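*Asks:* Here it is, the structure, as structure tokens.
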Ligand code: NDP
């Protein structure tokens, strides 16, 4: 039998790669090395979920201070220091980086710093040195993509937006996805004039229509300008640093910074995958089977590089399933049903299960919607509405989807996600006692479905 330097070499020390490596080593006794050419922790911890959420917290104080007035507080002279926020955020990231290094060390995983390239199905080259492995796991994630238009070199992505030396007075954000709406909320709350340019008619394609329209209305109420059905054609930098954006919607826009959030692509260029026979999808994702195995028997892939469900907790589940399957001798597929997710926009979104449109394609459904002003905003007078929605199968009474836009939506939907995963019916929701006074109790007190649109048309 061939002997290798390691049982497993993982390329990419992000959330998925680190979890797979730790579990393979500590739970199943494998000899493991992990290759990383940047900071241990990966996109979520270093350039994504974590720093983004810290900025969302920082930004939300602006509204909290305003709301405090209705409760009798006087807060004169509140000012924000962008530099302090970025610096404190960086301190926290360094702490987390240290935690990740310690986790790897404690699990007995060897860290190989450098860029990994696969040279044959059992060999990885790391900055000129080669290591061999029984199994190679590709967990290299993704990277922001930008369209190739004149002047695109003047644009930034979320990577740079997290570390800007100064907050721009005006920022234009291109794209209508998760990242675009989250950063629009951050910069707007901190005082920038924000314009979001989307090529479609509405933000957040793929989300429930009530979620999309509710968030767009709330964002616009907060002063974010959403320019719809518009594409930027070129970016020109003037001598004074101002950026001039030419678009196909007969409008020339001026701004101080332009950020593209137009999607992310798998990081598969030049790591040798195709040379050793690994099949890639047209967008560059590694094609894998239900065991996360690529077209080459000894090479597996998990996380964003496979472009399945690009969320950190999913990459972690895939990493655990990979380790159990390959090193724990327990074939473990990942269950992709009813994955809850959130968008940390302002107000935030929480969602789990089918959208109304998806459910209607599948079967007859009843729709329950509740819109209200959160109690906290009664005294403060803030004009922000919460929207909650349940989609219920008429045949089985099962709740097929739950969606919320409003304060604490991600925290609330996590719990609702357990109920939906467990197959709860609307009767189970109704039988649950609400916690009063909360917004969450609305999910167990929605009594009347909306009139069925198909009946309305025939009347
Ligand atoms: P998304 O795929 O969510 O959105 C991309 C947006 O860019 C869409 O609005 C799309 O428009 C638009 N777009 C694409 N190409 C162009 C173009 N050439 N010109 C103009 N607009 C364009 O990507 P993100 O970058 O926002 O996020 C990437 C992934 O990261 C997400 O899929 C998500 O899985 C993950 N993520 C998750 C978060 C969370 O869970 N909270 C937070 C942030 C990211 P159209 O709709 O017309 O196609």
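Glycine residues also receive a Cβ, built from the backbone N, Cα and C atoms like all the rest.
What you are looking at is a predicted structure, and each value in this text was computed from that prediction instead of being measured.
Sharing the features that TrEMBL gives for it:
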- 6-319: domain 'FAD/NAD(P)-binding' (DOMAIN)
- 44-49: disulfide bond (DISULFID)
- 53, 116, 304: FAD binding site (BINDING)
- 175, 176, 177, 178, 179, 180, 181, 182, 263: NAD(+) binding site (BINDING)
- 339-446: domain 'Pyridine nucleotide-disulphide oxidoreductase dimerisation' (DOMAIN)
- 436: active site, proton acceptor (ACT_SITE)
*Asks:* Radius 10 Å, atoms counted are CB only; among the binding-site residues 116, 177, which position scores highest?
*Replies:* 116
*Asks:* So how many of the residues in the domain 'Pyridine nucleotide-disulphide oxidoreductase dimerisation' (339-446) end up helix, strand or coil by DSSP?
*Replies:* 36 helix, 33 strand, 39 coil
*Asks:* Based on Cα distances to residue 116 (FAD binding site), point out the closest of the binding-site residues 179, 181, 263.
*Replies:* 263
*Asks:* Looking only at the domain 'Pyridine nucleotide-disulphide oxidoreductase dimerisation' (339-446), report the model's average pLDDT.
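*Replies:* The answer is 98, the mean pLDDT of the model over that range.
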*Asks:* Counting other Cβ atoms within 10 Å of each residue's Cβ, which of the binding-site residues 179, 181 comes out lowest?
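*Replies:* Comparing Cβ neighbour counts within 10 Å for the binding-site residues 179, 181 gives 179.
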*Asks:* With residue 436 (active site, proton acceptor) as the reference Cα, tell me which of the recorded positions 44, 53, 175, 177, 181 is the closest one.
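*Replies:* That would be 53, nearest by Cα distance.
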*Asks:* Filter the recorded positions 44, 53, 116, 304, 436 down to those with CB closer than 6 A to an atom of ligand 1; keep them in sequence order.
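*Replies:* Checking each Cβ against ligand 1, none of them comes under 6 Å.
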*Asks:* Any idea what the Cα distance is from residue 53 (FAD binding site) over to residue 175 (NAD(+) binding site), rounded to a whole Å?
*Replies:* 19
*Asks:* For residue 53 (FAD binding site), what is the secondary structure state per DSSP, taken as helix, strand or coil?
*Replies:* helix
*Asks:* Non-local Cβ contacts of residue 175 (NAD(+) binding site) (under 8 Å, 6 or more apart, same chain)?
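*Replies:* The answer is 196, 197, 198, 260, 261, 262, 263.
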